[in-house]
Amino acid sequence: MPHPYPALTPEQKKELSDIAHRIVAPGKGILAADESTGSIAKRLQSIGTENTEENRRFYRQLLLTADDRVNPCIGGVILFHETLYQKADDGRPFPQVIKSKGGVVGIKVDKGVVPLAGTNGETTTQGLDGLSERCAQYKKDGADFAKWRCVLKIGEHTPSALAIMENANVLARYASICQQNGIVPIVEPEILPDGDHDLKRCQYVTEKVLAAVYKALSDHHVYLEGTLLKPNMVTPGHACTQKFSNEEIAMATVTALRRTVPPAVTGVTFLSGGQSEEEASINLNAINKCPLLKPWALTFSYGRALQASALKAWGGKKENLKAAQEEYIKRALANSLACQGKYTPSGQSGAAASESLFISNHAY
């Protein structure tokens, strides 16, 4: 029989489990502010703002220093490497700012998607080289969890068995390396919403992908209580002509998770996948109201679905700081309610609340 070497000690396991529970405590979710320099460039460009280090710092500071109303809503913040080492105007490093508000600091550790030879345009994710050393350093610098994104696409012949297996294995290797360094891995196998497939097809593919991911995590001796899953919601493809209700999306999503995700997993933090801000909140709420047994915390790890209205309200102008923070706070409060199944759509939406945030073939 296989034995895990080196095994995690009971102390290491407790630390990992405690961190995971803090991130997804009731009413809390994750702010994904880990856009790479290239991705944040597109966001800044959309508001006519130059992609300088100072503008990136100022914008992240705007989010991280929103007033204490967000404290009960945000359990963790995922940062990009650069942001982890930036400081607020008052001289405090951003990790300190996040911790002072009760949040856990996270770091994106993958190095982006690369083509997977032998497939029809499918990808794997790079960044395992030197990952252990980077994790050790990030832990010293205040990060307690990490994120790694793999991408799968639904097509007539995709995802292929090869792409599913390769991505599941790379996620498992990453997760194992994180845990050896005291960092909770967020496992993100994103199935893109591109395509004209219906809800059933997305559910089927999601089940196959998640089953492969948890088999790989078991093979690599990953301690599930010290992990979080960041999956897509089960939705029809963006080009699907058939409409499905929020309840149908919720039922398909929870069913897929119940069939594949062990109850030992601490929490599921959904990605928003280009849904509008309002849609992402409504679907999360429906998922939490779904009348099936759900043994994990079901919450959010949203990027654009927490930031779109705030970004628009800021518009690159310092004097719009407060207005932008109000928009961010509004979404944080909405999603905090949604992850408890208590959200009622207000209709008084933000600057971009109902705009689709879909970007085809989305690469961070």
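Cβ from N, Cα, C; glycine included.
Copied from Swiss-Prot, the annotated features are:
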- Tyr5: phosphotyrosine (MOD_RES)
- Thr9: phosphothreonine (MOD_RES)
- Ser36: phosphoserine (MOD_RES)
- Ser39: phosphoserine (MOD_RES)
- Lys42: N6-acetyllysine (MOD_RES)
- Lys42: SUMO1 cross-link (CROSSLNK)
- Lys42: SUMO2 cross-link (CROSSLNK)
- Arg43, Ser272, Gly273, Gly274, Ser301, Arg304: beta-D-fructose 1,6-bisphosphate binding site (BINDING)
- Ser46: phosphoserine (MOD_RES)
- Lys108: N6-acetyllysine (MOD_RES)
- Lys111: N6-malonyllysine (MOD_RES)
- Lys147: N6-(2-hydroxyisobutyryl)lysine (MOD_RES)
- Glu188: active site, proton acceptor (ACT_SITE)
- Lys230: active site, schiff-base intermediate with dihydroxyacetone-P (ACT_SITE)
- Ser272: phosphoserine (MOD_RES)
- Lys312: N6-malonyllysine (MOD_RES)
- Lys330: N6-acetyllysine (MOD_RES)
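Sequence features, as recorded in Swiss-Prot, placed on the structure.
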| residue | record | DSSP (3 states) |
| --- | --- | --- |
| Thr9 | phosphothreonine | coil |
| Ser36 | phosphoserine | coil |
| Lys42 | N6-acetyllysine | helix |
| Lys111 | N6-malonyllysine | coil |
| Lys147 | N6-(2-hydroxyisobutyryl)lysine | strand |
| Glu188 | active site, proton acceptor | strand |
| Lys230 | active site, schiff-base intermediate with dihydroxyacetone-P | coil |
| Gly274 | beta-D-fructose 1,6-bisphosphate binding site | coil |
| Lys312 | N6-malonyllysine | helix |
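The record assigns Arg43, Ser272, Gly273, Gly274, Ser301, Arg304 to the beta-D-fructose 1,6-bisphosphate site; their largest pairwise CA distance measures 18 Å. A Cα-Cα distance of 25 Å separates Ser36 (phosphoserine) from Lys330 (N6-acetyllysine). The Cβ of Ser46 has fewer other Cβ atoms within 10 Å than any other of the modified residues Ser36, Ser46. Reduced to three states, the DSSP call for Lys330 (N6-acetyllysine) is helix.
Each residue contributes its Cα atom, and for Ser272 (beta-D-fructose 1,6-bisphosphate binding site) and Glu188 (active site, proton acceptor) those atoms are 12 Å apart. By the criterion of other Cβ atoms within 10 Å of the residue's own Cβ, the least surrounded of the recorded positions Thr9, Ser272 is Thr9. Arg304 (beta-D-fructose 1,6-bisphosphate binding site) and Ser39 (phosphoserine) are 11 Å apart (CA-CA, integer value). Under a cutoff of 8 A between CB atoms, and with a sequence separation of 6+ in the same chain, the neighbours of Lys230 (active site, schiff-base intermediate with dihydroxyacetone-P) are Lys147, Arg149, Ile186, Val187, Glu188, Glu190, Val268, Thr269, Phe270, Leu271, Ser301. The recorded positions listed here are Ser39, Ser301; among them, Ser301 has the most other Cβ atoms within 10 Å of its own Cβ.
A straight line from the CA of Arg304 (beta-D-fructose 1,6-bisphosphate binding site) to the CA of Lys312 (N6-malonyllysine) spans 11 Å. A Cα-Cα distance of 21 Å separates Gly274 (beta-D-fructose 1,6-bisphosphate binding site) from Lys111 (N6-malonyllysine).
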